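Reading through the structure tokens given below for one structure.
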Amino acid sequence: MAATSHALLSLRFLTTVDLVSLGVGSCVGTGMYVVAGLVAKAMAGPGVILSFIIAAVASILSGVCYAEFGVRVPKTTGSAYTYSYVTVGEFVAFFIGWNLILEYLIGTAAGASALSNMFDSLANHSISNYMITHLGKGEDTYPDLLALFIALLVTVIIALGVRNTVGFNNVLNMVNLVVWVFIIIAGLFFVSVNNWEGGRFMPYGWSGVMQGAATCFYAFIGFDIIATTGEEAKNPNTSIPYAITASLVTCLTAYVSVSVILTLMVPYNLIDGSAPLMEMFAVHGFLWGKYTVAVGSIAGLTVSLLGSLFPMPRVIYAMARDGLLFRFLSHVTALTHTPTVACVVSGSLAAVLALLVSLRDLIEMMSIGTLLAYTLVSVCVLLLRYQPDDQTDTLLGGHYYTLRLRLGMPDASARPTPATGRIVTRCTLLLFFVSFLLWSTIIFGVEQGTGVGAVFSGLMATMMAGSLAKLLIMIIQQPESTRSLPYMAPCVPFVPAAAILVNSYLMLKLSPLTWARFTIWCLIGELKHS
């Protein structure tokens, strides 16, 4: 049964254009129609442009690591779960896969809730008023039946098969592209450079720009959907790295251009927080433009919703196939060539979340699992680059290689040996933990501390930064693997190390509520795994 399911899922339909469309669609809807206005109004002002650029750099650091792993393990599904399974073993892989499932669940529910809010806004809030009147209202929210229906509808679309899903996705992306061009051209007739003058470009300073960058990073989360399609891409070795890079560059272009128009059309403090691009035309009395943007908003948010739901059943399928989840979740339907059972189960759970939990609460629960997955992939790039070639030839052969070897001295050979590989393993793990200690000291000791405590924290942070530099030097001194790949992340170990540093900082900027949710979900997963 497992072999049959694997063969069915392995039928290859997706071209490079399809992969770029999936990557762009999964990111650009929420980023363009929600995040741009939110960050500009509350955090960075017109400096949101710089926030998006900084966030894009951080995303590209993780993206190139994802691209290399897509080439190393092209005939797989499951994204960071599979990458971690073949690199650091089953336990960590389950931990990552389990949290990816939660992130996709929350992303799907949040997308359905955002679409529900969009339709409600277009209907002058008559939908929400009707449900509050007839169904009642809780402390913070009401039962959102429309969000439930939207989530179930998209689940059916995904379950119908990859070809149908990608076709629908491409159509919506074309609509979004047309509306994007419309926003830029029509917006030029209403811009005013006065909105950027007199200190208005960065009203909250660099602190606001950096805070905005942490939020804008969420607008780029989703490119990893490309890495989950290794078994469905026609030519994954070349398609996956190109599609990841192209989708990130396209998203950055969209975000920057829209942010420029938005902040030049409307003073940052007057931007509407819920529907900024729609209302910026309404402010100037251009109602036809408002409703045109509404069409694009619906298309963009729908594609983002598809981007959250599309990879979730594939991660579940991969974990179930490996015996880490219930086996029935690995069933693939012969007619649609998709893991239908996993799709229906995950989509139904997301629909229940969309019904009962408010959009604000869903957004607060996002991102920590995804950031951890990005960090682990960067760690894996460092580990694999410095391992002996004969230890990286077998895919999913139990354990890709063992980390339980004695620590030894490096060999003088130009090729990596088990001894040099162990040195890199030790240095990489220390790099991971010291990064978290460094940012914890800076955030909670230097930034929030006072007096002697802040000075002491600054000295400790300086020592930790020196330790990170020493660890990188030790890694550089070891010989790299001679294995040649169609695509390899550049500037190793600096790019993966930078990704680890940036992602750990963003994780520590998340709220205590997010960390509490993360801990509870991990405990539930550990009970299932054990």
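Glycine residues also receive a Cβ, built from the backbone N, Cα and C atoms like all the rest.
Note: TrEMBL annotation is automatic and uncurated.
The feature domain 'Cationic amino acid transporter C-terminal' is assigned by TrEMBL to 487-525. The signal peptide annotation in TrEMBL covers 1-19. If you look up TrEMBL, you'll see 12-36, 48-69, 81-101, 145-162, 174-193, 239-268, 288-311, 332-359, 365-384, 423-446, 452-473, 485-508 (among others) marked as transmembrane segment.
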Problem set entry | For the domain 'Cationic amino acid transporter C-terminal' (487-525), mean pLDDT (0 to 100) | 85
Exercise. Taking a Cβ cut-off under 8 Å, which residues six or more beyond the ends of the transmembrane segment (239-268) line up next to it in the same chain?
Worked result: 14-16, 19-20, 22-24, 27-28, 31-32, 35-37, 40-41, 45-46, 48-49, 52-53, 56, 59-60, 63-64, 66-68, 70-71, 74, 180, 183-184, 187-188, 190-193, 195-196, 200, 203, 216, 219-220, 223, 226-227, 229-230, 233, 276-277, 280, 283-284, 486-487
Seminar exercise, completed: Stretch winning on C-beta pairs under 8 A with the transmembrane segment (288-311) (pool: 48-69, 145-162, 332-359, 423-446, 485-508) is 145-162
For this session: Determine which residues of the chain contact the transmembrane segment (365-384) at the Cβ level, with the cut-off under 8 Å and only residues 6 or more beyond its ends counted.
Result: 61-62, 65-66, 68-69, 72, 79-80, 83-84, 87-88, 92, 96, 99-100, 102-103, 106-107, 110, 217-218, 221, 224, 392, 424-425, 428-429, 431-432, 475, 481, 489, 492-493, 496-497, 499-500, 503-504, 506-507, 510, 513-515, 517-518, 521
For this session: Please list, for the domain 'Cationic amino acid transporter C-terminal' (487-525), how many residues fall into helix, strand and coil according to DSSP.
Result: 29 helix, 0 strand, 10 coil
